2 protein chains.
Amino acid sequence: MPVQLRKLDSNDADFNAQLRAVLAFEAAEDDAIDRAAAAILADVKARGDAAVLEYTNRYDQLDAASVSALEIRQDELHAALAGLEPARREALQVAADRVRAYHERQKQECGSDGFLYTEDDGTVLGQKVTPLDRVGIYVPGGKAAYPSSVLMNAIPAHVAGVQEIIMVVPTPAGVKNPLVLAAAAIAGVSRVFTIGGAQAVGALAYGTDIIPAVDKIVGPGNAYVAAAKRRVFGTVGIDMIAGPSEILVLCDGSTDPDWVAMDLFSQAEHDELAQSILVCPDADYIERVQQSIDRLLDDMPRRDTIRTSLADRGAMIKVRDMNEACEIANFIAPEHLEISAENPLQWSHRIRHAGAMFLGRFSSESIGDYCAGPNHVLPTSRTARFSSPLGVYDFQKRSSVIQVSEAGARTLGQVAAELAYGEGLQAHARSAEFRFK
Amino acid sequence: MPVQLRKLDSNDADFNAQLRAVLAFEAAEDDAIDRAAAAILADVKARGDAAVLEYTNRYDQLDAASVSALEIRQDELHAALAGLEPARREALQVAADRVRAYHERQKQECGSDGFLYTEDDGTVLGQKVTPLDRVGIYVPGGKAAYPSSVLMNAIPAHVAGVQEIIMVVPTPAGVKNPLVLAAAAIAGVSRVFTIGGAQAVGALAYGTDIIPAVDKIVGPGNAYVAAAKRRVFGTVGIDMIAGPSEILVLCDGSTDPDWVAMDLFSQAEHDELAQSILVCPDADYIERVQQSIDRLLDDMPRRDTIRTSLADRGAMIKVRDMNEACEIANFIAPEHLEISAENPLQWSHRIRHAGAMFLGRFSSESIGDYCAGPNHVLPTSRTARFSSPLGVYDFQKRSSVIQVSEAGARTLGQVAAELAYGEGLQAHARSAEFRFK
C-alpha cells in the first residue's frame, strides 16, 4: 500500500499557512507525567539511594540489593567491546575516532583557553575557559538504545576535559545492550549505572551516597526524563529538550530519486512523529521521488513507521527556484538539511539556520548520524534559529577576568561611580571611590 | 544599630553543613504566579496586540490607544541621550565603548566564523557560526531600571551581528527613565516598546501584528517575567533565570578593611536576598572588617537593605590558608569572586568555577558592574559550575557542515551502514549504501 506525501506549491496563495500547518508540532505537556516526575525527584532528593533502588526495581523489573549492585564496572564494559563481532567493533572504533577528531578540532579552533589582554594603564582583561567537573549522560534503554548516542554525548565531554562522565542507562528486565556498553568503553565514560527515568535524573542532579552529583545532564529520554530534566534545570545544566527528528532535502533535481527517497525514509523510520520534507523546483522530479517511495517502501523492515511518518508529517514542496528553497530552509531552520545539488556551496552560503548541513549528493544524513565526525545531537523544531549542535562548548564554561591597575582604579572608578550614583547604588560608587580617594 | 555577620571557621567539625546552610537558597516557585503567567501568555498568543494593550494599560496604569503608541522612536531615544548632563552622558559612553571593545575581542578570539577542513579523500567537515536574526531584551521598569543592564544585554547582541534588537521596558504610570533610553540609543537597540511582564515576554516569543517575534529573549525581570520565560523556552531561546546576586571576597588580610567592607555593602545593597561572603585566613583581619562594617554602615543611604542582607545571608569564613579559601570558592562557584591579595594570580590559577574574577585590591566589583568591559550578567546560585557570563556566543549559533566526497561515501558509508544495521535502522544503512553500491 503506497503512501501519498502532502504536496505544496510555493505559488499557492495560502502557501505560508499550509507550510506552518505542516511544521506545526506541540510537544504534549502532560501534567500527570510532570507531577509524577516531580514526586520522584522529591523522593530521590529526600531518601537518596533507597528511593533510587525502589523505583529502579519496580519500573525496570529488577531485584537489585543495592544501588552499588546497579553499577557496571569498567571490565564489563571492555568485555562487551571485546565480545563484539570484529566488523562491528571496528566500525564503532572508526566512528569514535572520527567523532573525537572533529571535536578536538572544535576545541582547538575555539574555547581552548580563552584570552587575556593588557591595556595601556596596566589593567588586564580576559576570559578563562574551564571544563565542567562532572557530567551525567542519559542513555535510553530498550528499542531506542543507540550506541552512536553514547559516542555523540560522551566524546565531546571527554574532549572538553570533563574529569568524570557518569552514564545512566535503564536495563528493563536486566537486559543490557552490548553495543551500548562497548560504546561507553570507547567513549571514555567513567562510571555506568543501570538506572533510568526521573529517578536517574534526580540521582545525577542531587547526588546520593553511591551516585555522585553532576554539574550537567545531557542525553535524550522519554517524557518522564524530559519533565525531570526541565525541573532540575538550574540545580544542574541540561541540554535542549529534543523534539521529533527532521530532515529537509533541498534538491535541484540532479540526484538519483531513489537516493532522496531513501534519505526521507531514514528520517521517517525513527518514529511516527519524525518529519521528512523535500523541497525542489522541478515538479517532474518530485513525481519521480514519489514513485521511488512507492517502489522502495514495502522492502523496508520499518515500513509501517515510515508510512505513518510520511503520511502524517511528510511533505513535498514545489518552489520557483533554489533561491526560494533556501529561504524556506531558513524559515524552517531544520535539524538536518541536505543540499543535494550541483555545486551545493552556491546554496549553502545562503543558509543561516540549520543544525547540520549535508552538502552534495554523496552526503547522506546517515553518514553524519554515525561517523562523519560532527555531532548528531542537533537542535530540532526550529530551535536551530538560536541553538547549536551538542559540542565541546557545552561541557566548558567561561569566567571573566578583571585585574584593574592602580591607574585604572582612578579612571575607571570615576566612570563607575558616576553611573552608580545615577542608578542610586551609593555603596557601588563608594567602593570604587575608596580605590582612588 | 550594627549588624553581626555569621562567623564560620573551616576547623569546625560541622563546617561543611554550616556552609551549605549559608548558601541554601530555594527560588520560591509560586504556582499562582506561574498559572497567571501561563494565562497571559495564552491570551497574547491568541489575541496578539489587543491582549498586550489591555494588560499593559491595566498593569502599568496607562491609557494607550494602540500597541504602536507604546513604541518609543529612535529620535526620542537620542533626545534622552542628548538631554543627559554631560558628565553622566560621557560616563555612559565610556562604559559602552569599553563593553563593546571587550565583546569585540570575545568575538574575534572565538566564534567569528567557525572552521572548515578537508580530509585526504576530499571530504569537507566544518562548523559555520551565524548570528541570531532577532533578539528581545527585557529591561525591568521602576527601581530596578538599570541603564548598565541595557548596555550589558544589547551590546553583545549587536557585536554578534544580530540584525534586530527589540527592547521592552515597562513604564508604570508612564514614567520613563532617561538613562535607560539613552543607554538604548548608545547600545544599538533597534526598537523599544514600553511593555513589560508576561505580556511582553509573550509578545516577543509569539510575535503580534506590531511586535515582531524574536529568536531569543534575555534580561532580568520579576517573578512573572521569569515564569513566562521558562514557559516560552523552546519556542525561543532564553538566558539563565537569575537568582540573587552574590559576592565572595577572598582576602589575604593585606587590603584596607574599609575597602572590603564597602565591597560587601555594594553587593548587599542590591536587595535583601543578595549574599556577601568574606573568606580569610586571618581572624584579626576578619574582626577589622567587622569593625569597618559597623563604622561605615550608618552612612549608607541603603543601610536598611544592606543590614538585612548581611544579617540574613552574609558570612565571614575563617580558613586555614588561601589554598583552602580557593577550594571553598570552587565549591561555592560564586557569581562575583574578588581575590583581594598580593600576587592574586597565584590563587586565581586554582579557581575553576566563578562567573567573574576580580584580581588584586584595586579591582572593585563595581568597576566590573559598569565599565571594565566584561559582561555583568553572570551565573548565580552556583550555576557558574556549568554556565558562563552573557556574551557574544549567546547571540550566535553553530551549524555543522558535512560535504562527503565520492570516495568518502564508500569508506564512511560502509561504517555507517554497519552501525545502522546494528541499531536496526535499515533505511539509514540503505541510504548510505545507495551511494556506493
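Using N, Cα and C of the backbone, Cβ positions are placed for all residues, glycine too.
For B:E335 (active site, proton acceptor), the same-chain residues 6+ apart in sequence whose C-beta sits under 8 angstroms from its C-beta are B:S245, B:E246, B:I247, B:A354, B:G355, B:A356, B:L378, B:P379, B:T380, B:A384. B:E335 (active site, proton acceptor) carries neither a helix nor a strand DSSP state and counts as coil. Taken from TrEMBL, the feature active site, proton acceptor covers B:E335 (among others).
Here TrEMBL flags B:H336 (among others) as active site, proton acceptor.
Look at B:Q199 (NAD(+) binding site): DSSP puts it in a helix. Annotation comment: TrEMBL describes B:Y138, B:Q199, B:N222 as NAD(+) binding site.
Per TrEMBL, substrate binding site is recorded for B:S245, B:Q267, B:H270, B:H336, B:D369, B:E423, B:H428. The Cβ of B:D369 (substrate binding site) has 29 other Cβ atoms within 10 Å, all protein chains considered.
Annotation source TrEMBL lists Zn(2+) binding site at B:Q267, B:H270, B:D369, B:H428.
Of all the binding-site residues in the record (B:Q267, B:H270, B:D369, B:E423), the one with the smallest CA separation from B:N222 (NAD(+) binding site) is B:H270. Other residues of the same chain near the NAD(+) site, with their Cβ within 8 Å of the Cβ centroid of B:Y138, B:Q199, B:N222, are B:P140, B:V168, B:P170, B:G196, B:G197, B:A198, B:A200, B:V201, B:G221, B:Y224, B:V225, B:A228. For B:Y138 (NAD(+) binding site), the same-chain residues lying six or more positions away in sequence with a CB closer than 8 A to its CB are B:V168, B:V169, B:G196, B:A200, B:V201, B:L204, B:I217, B:V218, B:G219, B:P220, B:G221, B:V225, B:K229. A distance below 8 A between C-beta atoms marks B:D369, B:E423, B:H428 as the recorded positions from B:E335, B:H336, B:D369, B:E423, B:H428 lying next to chain A. Its Cβ placed at the centre, B:Q267 (substrate binding site) has 32 other Cβ atoms within 10 Å. Ranked by Cα separation from B:H336 (active site, proton acceptor), the binding-site residues B:Q199, B:H270, B:D369, B:E423, B:H428 are led by B:D369.
The Cβ of B:Q199 (NAD(+) binding site) lies under 8 Å from the Cβ of B:I40, B:V44, B:A51, B:V52, B:Y55, B:T56, B:Y59, each on the same chain and at least six residues away in sequence.
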